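A.B. asks: This structure is in structure tokens; I'll ask about it shortly.
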């Protein structure tokens, strides 16, 4: 096997726009700044926007003229 062919795997700091900071390991040689993390993403926080199915149907009917 060849030696010294794998990239260095180092600890980096990841900073989210919400202020959450955590450490992880990566081959990236610099710290990361991200927009969303598990602390602020709607899927993980449970603050998802519920889409009204009735509103979507009315929008479809208005756009394509289908009405009953």
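Positions of Cβ are set from backbone N, Cα and C atoms, glycine also.
Pasting the relevant annotations from Swiss-Prot:
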BINDING   16, 18, 37, 40  Zn(2+) binding site
A.B. asks: Within its own chain, what residues at least 6 apart in sequence put their Cβ under 8 Å from the Cβ of residue 40 (Zn(2+) binding site), listed in sequence order?
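C.D. replies: Counting only residues 6 or more apart in sequence, the Cβ neighbours of residue 40 (Zn(2+) binding site) under 8 Å are 16, 17, 18, 20.
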A.B. asks: If the Zn(2+) site is taken as the center of the Cβ atoms of 16, 18, 37, 40, which further residues of that chain fall within 8 Å of it by their Cβ?
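C.D. replies: For the Zn(2+) site the neighbour list reads 17, 19, 20, 34, 35, 36, 38, 39, 41.
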A.B. asks: Counting only residues 6+ away in sequence within the same chain, which have a CB under 8 Å from the CB of residue 37 (Zn(2+) binding site)?
C.D. replies: 14, 16, 18, 20, 22
A.B. asks: So which one is it: of the binding-site residues 16, 18, which has the fewest other Cβ atoms within 10 Å?
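C.D. replies: Output over binding-site residues 16, 18: least Cβ neighbours within 10 Å is 18.
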A.B. asks: Helix, strand or coil: which one is residue 18 (Zn(2+) binding site) in, per DSSP?
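C.D. replies: It is coil.
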A.B. asks: State the three-class DSSP label for residue 40 (Zn(2+) binding site), counting H, G and I as helix, E and B as strand, and everything else as coil.
C.D. replies: coil
